[in-house]
Structures are given as structure tokens and as C-alpha cells.
């Protein structure tokens, strides 16, 4: 029957000091919630249930975008993790597989770790808990074990001195048969210091029924939870450090690794070169051999082999650069395709457009794509030349091997092989400049004498 993924995302996150629900704060270009969903996808879940609470409407809207197949259930009162899991009973009614409990504010659990938990279940453990050896166990719940058996989980505030001396700690992540887990959480008590229903108490309850519980240990860094802006900033730094190291190992040249910023889904091919101060937003693929020069910002775009971007370029969602294209300094590309060998080298905006093979777009060219209500497309054919400071008023098409004269405002289609000229004819007035400047200086002198 597969695995049901339960993501707990109901917490208020008051220490974030924000109107935005904690799980929607961005990390590496994606909300915290997305990271747990991304890791859980490694198990190919048959069902996804997200438990919402604080800011439920916003979290549910985000969930619909991140995982349209997910079911959202609300925890109207935040009475603990066990109570949160209990809210999934209806959504998981009749589900015959395992349930994996993850947390919307714990973004670094790796797919490999979750697969190890699944392997422990397959090896005979009825319940599997993810643990870690903490450098500073202080506030974490402790895992009390006997050999390879997990006996119970004790929250720090309820632990004895001997239990507090343990350094094997609880991450909160758990896997068990879904119906067994739901039965156990339904029987929990809130007789503890916080008057909450702890998911951790299901281990002792399960052992009382003869269930076997085991621990899978992961690096402490994977269990980092986000509760404050400081922790969020630290998590961003940790993610970027890992992403930079991975890129270098994969054969990417980073001119200044410390100033390169990746998103969680950035894909960069071997032998690509990334200059200093480059920022990758979500949804970027850069193929092998491409070059991204300094101070460029990319999101939602595809850069093909041999393409060159920047410096100081911006690629927005929908930008598609074919092989050996050039996008130069202070150029913005949005929802536009550049065919092989096309060049837009200076000071231009290209939006909602298609530029043909080997065409050249001169400095200062603008596609005027927005009429105040609707967006319109511009098409430029192959091997065409767009003169500097051209305005292309969409919808409009420039044919193959066509040209525009410098400063032209194009409002009609240009046939193949034609040149468009649309500007005021220059008129020279002999001697006018000297007369005009003499007049202005006289006015200035008269004004100063007053």
C-alpha cells in the first residue's frame, strides 16, 4: 500500500515575529514546507496529509501549489504533536501502508535518511524513530535504548538526571504502520509538564503492546529545526555551503563560491562557469559549458550549452536560451526564447518574445509587450538585425533577415528581408546652436545682476 506522508505544519512560530506562517518562510528559494515535501517524495508516497493550524488558509494555499494531490487537515487547537497526528485519522481511514511523520520546519532531512528508515521497517521494526547524537543535547528529547531496541522517548523537561545525561536525541521524525500509529495517538494522555499529547509517548505505548521500536541515526545537521529568524539565517548559510561544495564536486567552476547563491532546485552542468555575486532563484537549469558572469540574477530559466549571460543580466521565468546565445550587461529577458546564436548584448528588455537563430538585437531595444491589461508577443525571425534603441510595439513580427534602423518604433510587421525606418527625419539648422547658447548665457547674466 505504500507510504503516507504526514507533514506537521500547524505551529504558530511566534518566535519568528512574523505575520507569515513559519513554514512559509523561504529557504533556498522555496518555503520551508516545500523542503519536507521534497524529501518525502523519495519514498513515492501514496498519500500526503498536511496538518495546518496557524495561518491555515495561507499554508493550505501553498500546499495546493507545492503538492496538489495533498490533503490538508486542520488542528484547531495546538495540543501537541500526538494531537496533530490524530487529526489525520479521517484522511488516512482505510489506508493500509506505513505513515511517515515529518515536520514543516525541519528542512534538511535527506531522502537517503528516509530510505534508511523505510529499510528498518522492512527489516522487522514495527516503529522507527529518527535520532541523532547532539553536540549539546540540552533541550532535545532523549532516546532511551537497550541495545538496538528503543524503550521510550523522554522530553527534556520531563527527564530524570540520568536520562538528561544521554546524548542520543529525538528528531521527531517517525515511521510506523499508519493504522497502528493512529490507534496509539488516540490513546495518548496529556499528563506531563506541558499538558500536551506527545507523539513520542507512542513508543512506550507500542512497547506495552509488544511492538518493536528501533532508532535510525542521522547527522545532527539534518535535524536542524527553524524557530527564529536567526536559525533561518543559519539554515540558509548551511544550505548554501552544501550547495557550493556539491557544485564544485560536480565540476562547476565558481569564481567566488562565497558569493554564489543557489536555490534548492538549481541544476548546473559540468564545466559551467559561474562568476562572482550570481544569484539563482527557483527553477534554473544551466547546461554544461555555459557561462554566467558576475552580478547576474536568474530564476525560472534554461541556459543551454555554450551560452553566455551577463555581467549584470537578469533572466526571469520563461527565459529559454539556446546554444551559443549571448545575453549581456543590463539585459532583462522574461518569457522569451533566444534561438541558437542569437545575441542581446546591451541595455535591453526582451519580454514575451521569440528571437530567431543568429539574430542580433542592438543596445537599448525594448519589446513593448504590455498595453496596461494584456501581454502581447514579439517575434523576430532568423538572421535579423535590430538597430539600437528600437521599440517593438507588440503584437508584431520581424521577418527573417530583416532590419530596423536605429531609433525606429515598429508598430507593423516587417516582411522578410525588409528594413523598417520609423523615426522623425533629422533637420540641421546652421548657426542655431551658437545663437541659442548666447541667448541663454545672456539670460543667466541678467538674472545674476538682479
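Every residue, even glycine, has its Cβ placed from backbone N, Cα and C.
Annotation source Swiss-Prot lists active site, proton acceptor at 346. Around residue 346 (active site, proton acceptor), taking its Cβ as the centre, 15 other Cβ atoms fall within 10 Å, counting all chains.
Counting every protein chain shown, the number of other Cβ atoms lying within 10 Å of the Cβ of residue 363 (acetyl-CoA binding site) is 19. Annotation comment: Swiss-Prot describes 363, 369, 370, 388, 406, 423 as acetyl-CoA binding site.
Taken from Swiss-Prot, the feature region 'Pyrophosphorylase' covers 1-229.
Assigned with DSSP, the residues of the region 'Linker' (230-250) fall into helix, strand and coil as follows: 20 helix, 0 strand, 1 coil. Marked as region 'Linker' by Swiss-Prot: 230-250.
Ranked by how many other Cβ atoms sit within 10 Å of their Cβ, the binding-site residues 369, 388, 406 place 406 at the bottom. Its Cβ taken as reference, residue 370 (acetyl-CoA binding site) is surrounded by 12 other Cβ atoms within 10 Å in the chains shown. Just so you know, the Cβ of residue 423 (acetyl-CoA binding site) picks up 15 other Cβ atoms within 10 Å once every protein chain is counted.
Residue 346 (active site, proton acceptor) and residue 423 (acetyl-CoA binding site) are 21 Å apart (CA-CA, integer value). Between the two most distant C-alpha atoms of the annotated acetyl-CoA binders (363, 369, 370, 388, 406, 423) there are 22 Å. Taking the C-alpha atom of residue 346 (active site, proton acceptor) as reference, the shortest distance to any of the binding-site residues 363, 369, 388, 406 belongs to 363.
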